[in-house]
Amino acid sequence: MDKRLMESQIKCFTYSKAVWDIRFKCLCAMNVGEEIPARCLGETGALSFKKPTEQDFRDTQELEASLAQLNIFETQEEISQRREALVRLQEISNAWIRQKALEQNLPAHVANSTTGKIFTFGSYRLGVNFRGADIDSLLVVPRFITREEFFSDFQTVLAENSNVEDLHAVVDAFVPVLKMKFMGVEIDLLFAQIDQMSIPENFSLCENTEVLMRNMDERDVRSINGVRVTEDILNLVYNKNSFKVALKVIRIWAKRRNVYSNALGFLGGVSWAILVSRICQLYPYATPSMIVYLFFTIFSQWPWPKPVRLRECEYIASLCLPVWDPRLNPSDQYHLMPILTPSYPSQNSTYNVQRSNRIIIERELKQGLNVVRASMMHKGSWSNLFEAAFFFQYRHYVVVIVVGNTKHTFIELCGLVESRLRVLVSNFEVNRYVKMAHVNCHAYGKGPNDDDANFVRKWFIGMEFDRNTNSLTSTVHNSNVSSDKATLNVDLSENISSFEKSIERGLSSEDLSVTVKYVKKSQLAQFISAEDMDEIKRQAASAALSNVNNPTESLKSGRLLPNSNTLNSISSPASSIELSGSEEFSSPANSLHNSISTSSLTNMATINSSPKCPPPSPKLISPGDPMKDTHLLSSDHSLCNNTLNTVDSTGKLTPKRVGLVDSSLELSSDSHPNSRSNADSQLHGSEDFRKRARISSENSRAVVFTSSAQ
């Protein structure tokens, strides 16, 4: 037999075996012939009971193969290590509880039988955690142990254990937590007190809700809610195997696309799990590949703020706990993307989402749908879904820098600053000239100019401004710039001042500092290490290639990707940017070492050149057209300054300039002779935030000009 034919037959046999393995798993999980419980169909019932096709199984096999190539899931040895760590932590907690029982003068035989119980929840309990991810856990203790003892005595016990590293408490958090690395495993440990003398091993937090919560304070209710929500999500899904595979895909996609962070105003693990489980309720027999496709199809066009929920909200009159309901709670009416937890008391898991977050999430969902469609039509690979998002596409950034010399206090301050970044974004959004503030979920470490600091962490916020020439913003003209190139000055001093006040209490040590700076795209190399810059260049090249290969889909999805010249612009920017009219502020020396500082935020960016290309065919927009005064994207000439003809209210034909945001990445300040090595002088002391700080950005070709005079 021909060798090539034999290899082909072996390959086909292997592929068929993999498909049949997936079919067997799916059919076993479905319990064919068994009626689906009503709870697994949600409050609306299923939309389809259609069984999977052969193609569905093949698509799932390809999807799981792409997942395996990522090499981000744990080995059996790592899984065993996590289990051993939890068992050992349970033993330490039981020994501490028995010691506290003896201190309460309980009889020895009673004290020796007194125990607590550690519950796990989140991604680890759902079985979708990645390698190196932390374990969310909860320690439930008897009634004679208080929260104060947990965060003092038990923390001391853990600190004395040689297997414990990086132990620190976040007592003031919405849900107080002990964070640690135990036996090499990252663990977040919550606390809850139950009105019992001992917690048996078979104790459940999902039964007898009214009795369980009757004597609980609000912090204990929030602590146990994580366990209850996770168990309910699993119980409300029929095909758990398909749910877990699909959730793994969505979690990887969300992390790679920078939309996975509850603290920064995006969606957290619970929210993504609820969305996937809702699709599983609507299509109980769907395979993982079909669940992923339906996920992007449905939620890319979901009519927010219509809430997503897995079952009807439960009300228990005797407990009087607040349940999400905009009819009763006026503040709930302002939530932008409500995704409700299934357990009592039902809460919105996405209350942190703000306008900018919602725009970015919706954009990524549409882009994800295009990739999945291409994969299922065999016009692309599933691995394209896990392509990392290219964040550094903006011209202007605000960077928040935390510096410290002591690891413990530095970690605590970083946690506080990260939790307050959404406050800064919210403050920016109040400013009428800020169109969007996009926080990068990935924090960076030391840069080339941070050699003197022991610990550094930086968060970048991409800024997009409203360059509408009809706005009331004052314009400033520089003598070196022609009068028709007016600049837009945006005062962010008040916005930054509110952020400063929210983190002042976290500066408990003299060796800590928090700095807020304005950074141009051309100055990124001064703040990011060479290794990280290489990764950014790789992402820029990948994003540019994706945009070139499928420009139409990119425009349909609303992506702001680098243009096809991005890779070249890394070393030779397409548009030269000059700095002019720079203004700096000074202040009296401040004696405080633990200071919050902001640099002068004034730089005027002037575009000297732009790519040329033939204009597209004229298009007409009638008066009152909803697209009349919005940013329009041309699928024919996405890299050009295009002309759009509009009809004003008088019937006069008026030309308008249309173009995409210039996203060429200037990664080296060497390309700009007028740029300074030290972008701006730093000002220390809280009063500096009350000085005028301006970001100046040109009315560039990204704007659809609404003034006929323009």
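Yeah, the Cβs are placed from backbone N, Cα and C, and that goes for glycine too.
Because TrEMBL annotations are produced automatically, they should be read as predictions rather than curated entries.
As given in TrEMBL:
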type     : residues : note
DOMAIN   : 42-237   : domain 'Poly(A) polymerase nucleotidyltransferase'
DOMAIN   : 242-387  : domain 'Poly(A) polymerase central'
DOMAIN   : 390-446  : domain 'Poly(A) polymerase RNA-binding'
REGION   : 547-567  : region 'Disordered'
REGION   : 604-629  : region 'Disordered'
REGION   : 666-710  : region 'Disordered'
COMPBIAS : 672-684  : compositional bias 'Polar residues'
COMPBIAS : 696-710  : compositional bias 'Polar residues'
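In the predicted model, the domain 'Poly(A) polymerase RNA-binding' (390-446) has a mean pLDDT of 90.
Residue counts for the domain 'Poly(A) polymerase central' (242-387) under DSSP, helix first, then strand, then coil, are 73 helix, 6 strand, 67 coil. Shown for the domain 'Poly(A) polymerase RNA-binding' (390-446): DSSP residue counts in helix, strand and coil, namely 24 helix, 16 strand, 17 coil.
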